[in-house]
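Annotated N-myristoyl glycine per Swiss-Prot: G2, in sequence order. Among the features that Swiss-Prot reports, compositional bias 'Pro residues' is placed at 119-128. Summarising the annotation, Swiss-Prot assigns zinc finger to 507-524, 1446-1487 and lists sequence analysis as the type of evidence. What Swiss-Prot lists as domain 'Peptidase A2' is 734-810. If you look up Swiss-Prot, you'll see D739 marked as active site, protease, on the strength of sequence analysis. Under the heading domain 'G-patch', Swiss-Prot lists 821-866. For 911-1099, the entry in Swiss-Prot reads domain 'Reverse transcriptase', with the evidence type sequence analysis. Per Swiss-Prot, domain 'RNase H type-1' is recorded for 1313-1444, and the stated evidence type is sequence analysis. Residues annotated as domain 'Integrase catalytic' in Swiss-Prot, with sequence analysis given as evidence: 1500-1659. According to Swiss-Prot, the Mg(2+) 3 binding site annotation covers D1511, D1568, E1604. Taken from Swiss-Prot, the feature DNA-binding region covers 1665-1714.
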Amino acid sequence: MGHTHSRQLFVHMLSVMLKHRGITVSKTKLINFLSFIEEVCPWFPREGTVNLETWKKVGEQIRTHYTLHGPEKVPVETLSFWTLIRDCLDFDNDELKRLGNLLKQEEDPLHTPDSVPSYDPPPPPPPSLKMHPSDNDDSLSSTDEAELDEEAAKYHQEDWGFLAQEKGALTSKDELVECFKNLTIALQNAGIQLPSNNNTFPSAPPFPPAYTPTVMAGLDPPPGFPPPSKHMSPLQKALRQAQRLGEVVSDFSLAFPVFENNNQRYYESLPFKQLKELKIACSQYGPTAPFTIAMIESLGTQALPPNDWKQTARACLSGGDYLLWKSEFFEQCARIADVNRQQGIQTSYEMLIGEGPYQATDTQLNFLPGAYAQISNAARQAWKKLPSSSTKTEDLSKVRQGPDEPYQDFVARLLDTIGKIMSDEKAGMVLAKQLAFENANSACQAALRPYRKKGDLSDFIRICADIGPSYMQGIAMAAALQGKSIKEVLFQQQARNKKGLQKSGNSGCFVCGQPGHRAAVCPQKHQTSVNTPNLCPRCKKGKHWARDCRSKTDVQGNPLPPVSGNLGEGPAPGPETMLWGNTAGSKRTIADLCRATRGSAGLDLCATSYTVLTPEMGVQTLATGVFGPLPPGTVGLLLGRSSASLKGILIHPGVIDSDYTGEIKILASAPNKIIVINAGQRIAQLLLVPLVIQGKTINRDRQDKGFGSSDAYWVQNVTEARPELELRINANFFRGVLDTGADISVISDKYWPTTWPKQMAISTLQGIGQTTNPEQSSSLLTWKDKDGHTGQFKPYILPYLPVNLWGRDILSKMGVYLYSPSPTVTDLMLDQGLLPNQGLGKQHQGIILPLDLKPNQDRKGLGCFPLGTSDSPVTHADPIDWKSEEPVWVDQWPLTQEKLSAAQQLVQEQLRLGHIEPSTSAWNSPIFVIKKKSGKWRLLQDLRKVNETMMHMGALQPGLPTPSAIPDKSYIIVIDLKDCFYTIPLAPQDCKRFAFSLPSVNFKEPMQRYQWRVLPQGMTNSPTLCQKFVATAIAPVRQRFPQLYLVHYMDDILLAHTDEHLLYQAFSILKQHLSLNGLVIADEKIQTHFPYNYLGFSLYPRVYNTQLVKLQTDHLKTLNDFQKLLGDINWIRPYLKLPTYTLQPLFDILKGDSDPASPRTLSLEGRTALQSIEEAIRQQQITYCDYQRSWGLYILPTPRAPTGVLYQDKPLRWIYLSATPTKHLLPYYELVAKIIAKGRHEAIQYFGMEPPFICVPYALEQQDWLFQFSDNWSIAFANYPGQITHHYPSDKLLQFASSHAFIFPKIVRRQPIPEATLIFTDGSSNGTAALIINHQTYYAQTSFSSAQVVELFAVHQALLTVPTSFNLFTDSSYVVGALQMIETVPIIGTTSPEVLNLFTLIQQVLHCRQHPCFFGHIRAHSTLPGALVQGNHTADVLTKQVFFQSAIDAARKSHDLHHQNSHSLRLQFKISREAARQIVKSCSTCPQFFVLPQYGVNPRGLRPNHLWQTDVTHIPQFGRLKYVHVSIDTFSNFLMASLHTGESTRHCIQHLLFCFSTSGIPQTLKTDNGPGYTSRSFQRFCLSFQIHHKTGIPYNPQGQGIVERAHQRIKHQLLKQKKGNELYSPSPHNALNHALYVLNFLTLDTEGNSAAQRFWGERSSCKKPLVRWKDPLTNLWYGPDPVLIWGRGHVCVFPQDAEAPRWIPERLVRAAEELPDASDATHDPE
């Protein structure tokens, strides 16, 4: 075959042989295949012949090449070609013979006996699979036929391309089905007779394409095939026979591979026995055990669609493993799809994973044959990447040697179990050696202990061969005779054997094995071995060394490059090294390592050898082959790689010092499962950071004396010398003896400095002797040793003590260990590296050196590394802000013995879990326990007092998320965090505030005190801190996957996405971030399949509903019971169709007494309402939102109140208004506007967008009317971008409200009606109702005491009296507003029975009217002309003149309203002084405000706006407007006041501007010396308005006497009118304005003028009286002079010879002439 013609002949022979079997292959591909064979097997062309043995040898060489170089170096069709050719050469295949015998045994299908049940033929294929027979008349020439063969080779490439991924021949039973057609042809070629019926096994190609011809563009359809067979295949008959035998079909009933029979495909179930064995293998040995992988490889030969692989994995794997498999399966399919796209293969990603348009199983039958092979290959690769199961560690740990079991039998059982679990033989042997010692019985362990790290399994078996029952019996007898334990006898025998071995010199030579001499003098040591060369790898022509090769061409004649250094011999090749470490054991440095990428922060490190880690081994030290020192100025931080953490390898972080020169090692453990670490596997990384040196250092280098940041403690042998240690105590050095028996250290008095204080100790000191009243240090002393350990202690001082004693108070802080020869301690020391009779040491030389760090999980042994740490961040909750640092101590109340025992158990449990810690805190809160229904106790703490001292955080999630917002058709994963509060640590500074005490009965012992380290139950901020902590942990996932729909509420997390692959990828990353923050996912609560239980909902694929609630009605007895029931109903109401009118009977039950314990009974209507609720719960169907389609807000016109629903094919969320309306009267369209606004708000809140359209129950004309006349309607649609419609879909769910009567305003008009009847109405509080109809007056006396109610009565009478159209006017705006809305008000919300009755009667009359009406408002007491004003005035007078029979009644009515004084009443109503006084005295309010007159002189103005006094008074009941600024015109006493929020300058200026707008500008303004009046801004203001401003005497209020009395008058008037006022709403502005009205307009002087009349009225020209007056300064009398003002206690006199008037006290004035009617004169009201 070395010649060209022979190679062409060989290619032609292979082509003909394959074509004869129905397989057309391109000659070009065969030539390329043979070229690759020649490259891999250089000896193959020289053999000259090809037989089955030679071809199998070629296959082995191909597999070896594949293993060494990977799939990239092997063409994709190589294994397929090799398999096809192997089948052609193998005529004696056992499988072929077995199948032939099986076929021969079948009966002739034409003569099937009656006993055999008939078998229905498989169903016909879908239309896309049907083939059309080709035209048999076509004929081709030889040239055309050759071209067609070449094209057919390309066409049939997919038929056998799937074999490219197979590693071996398809010879197992499970692979028989997929290769059925190939084997059939092979049987025929081998001469085996098949049944004669051609329909059963047609001689057709084994894999006809079953897809439509249009799949491959540009190719003609293949030739047709005969009709399908009606008989079963052997596999089908085997399945039917198994079913007839009663085999139970397992969970694999959905696993159906695709078979091809002629030109049809059908879908047939796999043998359930095969799948059942697979499931058992997964549960017993694990999904990645070799036995399980072999079954998966066998299953992979079937043409399984994606759905079958998913179903198989779901049935065999656990929930977590299934998620991992599915995620990896999707990744593998994505890679294959990328390759297919590049090569033009039309097998897409959706086809491979079975999603999208290929989700249904029927559509998966149309795939190309090669697609099934790719799917199976991806599924197998994903299965192989599953992690090893942690439960298999327990299985291995259970394989233990029995007391009487031979050791070799035990090892055989162990090897058999490991072989089924582990595929790596080398790693399995390492594990077997370890378990062969650990799981052996005590006798074998004692014999193997000295050799456990030196010998192998064969040595172990040889050593323990003689250990049996007789051996153990002899050991027991020896122990009994010596009085020792069996273990001590075994140790004694071991030590004796060790000494004997050392003394004897009969051991053989280590080189040649012969006895009598040592290896150093062995004659064979220096003899060199002679090696013979094999085939030259360079020229492949002969057997010689490559360095000696002189050939210039290879065996095929190709030129070869020259050999460099042909005459010289180069150095031997070094060990293989890697960029991230050393796997060959050579010494490497940090400088030899390379970073993975340019941006890599750390240097990767790997293990140098195979290592097996088990949970029982604890932490192990792994060598890296990399040595220090680090680069100058740096220090190394050793961390684990994330990929290693995902595989279950825990890398413990450590610090590599800058001066460390030893080998850098990795501390690794496998806490959960068995882990195999291969040589060269990257598991850790070294991060170099700058070295910062602060403080003092010891002047020595670490070199290679220790690994990590600190050395192990030195172990010192006990000798005759005392174990002394020098300490530095408070800057002084002391040397002392280590005393492990001393509880506390003692310093000799002769070494005690005289300047250090000391005191008498309270307790005695006992030891060998006893010392009473010893001395002790008065203060804590700080000690420090030379290794840097430090601490504080309070030593005793004893006289006559020769040496200082360092007790356990110091030794415990130093971490000193004791070593004793007990068996327990010996076991620990042996694990740390101790050799018997040699002491400790790394090199087993007996030299005392620091031990290698090999800590165990139980923290026993020498040198403890912090096992609890890993390379995860230390996180805790945010610190809490506190109002005070004052400790809060609440005494613990006593507990009964039962509760105390329960509390102690719960506290110990929390202490063991690390949730609490011992405490000495100054805070204390009591604890108590309660027993749950299950019988378990629960620990609670009363933190109410502590909660009062903290700043409360706001709620981060004020509402519950709705599942409706989850995108429709999404894949969902729901997880629950386990004990979320208890996994979140408190801020360290906050722990002390949550301390508690555990009491004891009868104070038998001090209380044990603890404090919480995690979020405690009952703390106000615990929910908020929990939410924020979890939100921070999952924030990176939200940022990395912005399209992921992630819902987090407390400890529940939901993930949803339409891409399942991305969902599982995000879930995997989410678990990592939660784990890094210390949050634990409850594995049993991971939900990956429908239905999901989430936040009280049950989520199904297309809908969800609330979990069914059973309404309990037997306990409904009080108001509190009904309140709780309606609270629960209100929570689920947004997900139920429950209109307000359905629940109204239950709402009515809540009315009445507000006492929570007040009795309530369930009415018949209430029971009906509860039945409606239960029916709504049963029929609920809420769907998910499809954001790609339109959805909207529908307003349903239900009775009493409208109902809203966000709707998309089905309801998304129901919307209801409050059962208690905000106003007493609201029209129906106003309620519709309210629910529209609420619906828009909830759409944005829950779905993040406005509803695309809103459907309202109003036509377009009605909508126009609402936009014109309803403000709330316009506000509801403000800035709405969507569409408004009134067309409802034909859905029964939305049509249920259409039958209800819905009212729109029809009778009440907004505009007056032309030529209608004119009506005026009025009502008075005296119960008189007046009615004027077309100038005819009517009145009636009612029992109502409210004017508005009386007016409603009058309106009702008008509606009953006038049936035709009318226009009604009234002066009550309240009545008019109510009448314009009452027609469409569904619910009258007033609580007054009188008003409710009248409104109901008016509404009923309006609903029955035929003619429209108009209700208008007209202002009362208007001076405008016109008939409307006159008509209203007539109705108003009609309500008064009928009952005002005298002026006294009128005065009494006026006083009841305004509370004037008696003088004003006498002048206003012309009644006697005594009658007026009696009215005031009979008032229930006014007598308490009588004031006595105060006499004094205060300057007054001589005309209006001459002199003002301004001040500020405070009225607290006005709230923020309590600052009342008051100004008074001193001439007329006219008052001006305004309300402000302060009394600064700007408020004073605002008040004066208000006064100027009504009264003008004064000439002079007098104020006090307050800062608001003395500021520069106020002075500039007065100057701008040309006002002369002056102030009084500081701190003397008499200068402001007039305005001060005005303050009192205003306050008294406000108190008078405070009670029983129904004229207006009680606002501060209304009250103050009313008081000013009474004081300015209704308070009259002696002349009958009010302050307003005196201020704005005309000046009187009457003659001024003359008086004589006395000057108080000169005591001289002057006059007579005219009097300008004569007030109460003061007189203003204008001397004739003066320029200005004088103010004189009234007692210094005498009349010069008699005044007219002086006897009837009265003082000014002031």
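The backbone N, Cα and C atoms fix where each Cβ goes, glycine too.
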Around the Cβ of D1568 (Mg(2+) 3 binding site), the count of other Cβ atoms that are within 10 Å: 22
Per-region confidence, the zinc finger (1446-1487) (mean pLDDT, whole number): 78
Distal contacts, the zinc finger (1446-1487) - CB-CB under 8 A, six or more residues away: 1613, 1615-1617, 1619, 1623, 1634, 1637-1638, 1642-1644, 1648, 1722, 1725
Inter-residue Cα distance where the pair is D739 (active site, protease) and D1511 (Mg(2+) 3 binding site), in Å: 87
Conformational class of E1604 (Mg(2+) 3 binding site) under the three-state DSSP mapping: helix
E1604 (Mg(2+) 3 binding site), number of other Cβ atoms within 10 Å: 19
Pairwise Cα distance for D1568 (Mg(2+) 3 binding site)/D739 (active site, protease) [Å, integer]: 87
Residue counts (helix, strand, coil, in that order) that DSSP gives for the DNA-binding region (1665-1714): 3 helix, 27 strand, 20 coil
For D1511 (Mg(2+) 3 binding site): DSSP state (helix, strand, coil): strand
Cβ-Cβ neighbours of D1511 (Mg(2+) 3 binding site) (radius 10 Å): 22
Integer Cα-Cα distance in angstrom, E1604 (Mg(2+) 3 binding site) to D739 (active site, protease): 90
Other CB atoms, at most 10 A from the CB of D739 (active site, protease): 20
Tally of DSSP helical, extended and coil residues in the domain 'Peptidase A2' (734-810): 3 helix, 32 strand, 42 coil
Secondary structure content, the zinc finger (1446-1487) (per DSSP, counts of residues): 32 helix, 0 strand, 10 coil
